[in-house]
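**Q** Below you'll find the structure I mean.
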Amino acid sequence: MEKKYILALDQGTTSSRAMIIDEEGEVIGVAQEEFDQIFPKPGWVEHSANEIWASILAVIAGVLLKTNISSKEIAGIGITNQRETTVIWDKESGNPIYNAIVWQSRQTEDICKQLRKDGYEDTIRSKTGLLIDPYFAGTKARWILDHVDGAQERAEKGELLFGTIDTWLVWKLTGGRAHITDYSNASRTLLYNIYDLEWDDELLKMLNIPRAMLPEVRPSSEVYADTVPYHFFGEEVPVAGIAGDQQAALFGQGCFEKGMAKNTYGTGCFLLMNTGEKAVRSENGLLTTLAWGLDGKVEYALEGSIFVAGSAIQWLRDGLRMVRQSSDSENYASRIESSDGVYVVPAFVGLGAPYWDSDVRGAVFGLTRGTEKEQFIRATLESLAYQTRDVLYAMEQDSGISLKTLRVDGGASANNFLMQFQSDILGVPVERPENKETTVLGAAFLAGLAVGVWKDKNEIKKHWKLDKRFEVEMKDDQREDLYEGWHKAVKAAQAFK
């Protein structure tokens, strides 16, 4: 039986999904399963690693049954995952010693404060490209070792293993034969030197993490190990591709050349720009990260995150009840020619890159007696585009690369008004692909390259199909006037603390 399909596993923050992708890069089947969010204290977020594993087994079985495809036809498996979420488990039994601590969780704030106090900020920045923040995996591992009796001792003896979600899933799928991660996930731990491409002794000492518990770091596309037959109806299937979700989306968008960038409009926004084989150190509050390792070399990216994007549209719907469903926002915004000087700064949880101001809160400016809900809705949508320009401007400043086009995906990329305004306020075209499942496609493409479903990146590029290209329609002076108004609004919001 010909092996012509790739199984892509997308292990996300609220659900796990499995998709089967054919040689043309088309998704031919999907299965999805949600799992519980655990909130032990305010600001803490955890998952049961065993429940995540059970959800992965369920979606694999579900998608194979739904599509009537035999596991004998699967050429390889690609994995993409919520980044930074951390698991520590017993090497012998395979049981986690504590819940997985999720990327959103703030429970390691005290550890981060101590690192700052001890003056580690520059060291971490210069070796990892990251900031000291509870977001990243290293402090989560330290927290678990501190809070589970005997864990530090057992880790030093080599009895415990550490991993991000990709590592945990590969370990389980292969029956413990492979304890690995890829470059993209390793670069989110605070423990990995992204320049020397190795676990860094100084960083390990800083957080007192025993080297014995760390996974081997491998390229993002190669055959790592085969699954154990009992997970796949009697088949051994190669696990052949891994990338963290945002890097996978960059790959799935075909952003293979230096200077290509994508924006994922989800609850927040994640912008990544490929900077090629050279790491760019940011002077503007962006993260430097590994994009992927492929063909014997690594490529780097600049990353900026916007905290509030799609959630601002949900706020219009659920908080203010201005729209019945999120998609109505496009209709309201398109009814008027402009937002008439109204600016919404959606800093509900502070502002991310490039401001990094956690104390600022949301604000609205420019209201008059004539302001109606159309202006308010339009201004809210426009705020997503302004924030995107802020980040992309910082990327251009850091990299010295001028953006030619922006590729987009995620829920809010379906909003035609927003995409047109995004193009106008950036002054570059915006391209939306037909297949918006770019994260899953990225994982599938990485696996498919390793097992020979696709020959090279040039062949993959052909499977990226354009849905719509939004060309710039706004005049330069109008663009700069609007953008200047946005900056005034942000400054005013920051003054009100």
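Backbone N, Cα and C define each Cβ position, glycine as well.
Taken from Swiss-Prot, the feature ADP binding site applies to THR13, ARG17, THR267, GLY310, GLY411, ASN415, supported by sequence analysis. If you look up Swiss-Prot, you'll see THR13, THR14, SER15, THR267, GLY310, GLN314, GLY411 marked as ATP binding site, on the strength of sequence analysis. Swiss-Prot lists THR13, ARG83, GLU84, TYR135, ASP245 with the feature sn-glycerol 3-phosphate binding site. The feature glycerol binding site is assigned by Swiss-Prot to ARG83, GLU84, TYR135, ASP245, GLN246, with sequence analysis given as support. Under the heading phosphohistidine, Swiss-Prot lists HIS231.
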**Q** Just name the most isolated of the binding-site residues ARG17, ARG83, going by other Cβ atoms within 10 Å of its Cβ.
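**A** Among the binding-site residues ARG17, ARG83, the sparsest Cβ neighbourhood within 10 Å belongs to ARG17.
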**Q** Return the residue, from the listed binding-site residues THR13, THR14, SER15, GLN246, GLN314, with the maximum count of other C-beta atoms within 10 angstroms of its C-beta.
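**A** Going through THR13, THR14, SER15, GLN246, GLN314 one by one, the largest Cβ count within 10 Å is at GLN246.
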**Q** Is it possible to get the count of other C-beta atoms within 10 angstroms of the C-beta of THR267 (ADP binding site)?
**A** 17
**Q** Consider each pair of residues in THR13, ARG17, THR267, GLY310, GLY411, ASN415, all listed by the record as binding ADP, and report the largest Cα separation in Å as a whole number.
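**A** Max span of the ADP binding residues, Cα based, is 24 Å.
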**Q** So which binding-site residues out of SER15, ARG83, GLU84, ASP245, GLN246, GLN314 end up within 10 angstroms of THR267 (ADP binding site), measuring C-alpha to C-alpha?
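**A** Neighbours among binding-site residues, in sequence order: GLN314.
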**Q** Which one of these binding-site residues has the most other Cβ atoms within 10 Å of its own Cβ: GLU84, GLY310, ASN415?
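**A** The residue with the densest Cβ neighbourhood is GLU84.
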**Q** Going by Cα-Cα distance, pick out whichever of the binding-site residues THR14, ARG17, GLN314, GLY411, ASN415 is nearest to GLU84 (sn-glycerol 3-phosphate binding site).
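**A** Looking at Cα distances from GLU84 (sn-glycerol 3-phosphate binding site), the smallest one goes to THR14.
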**Q** Out of TYR135, ASP245, GLY411, which has the highest number of nearby Cβ atoms, where nearby means within 10 Å of its Cβ, if these are the binding-site residues?
**A** ASP245
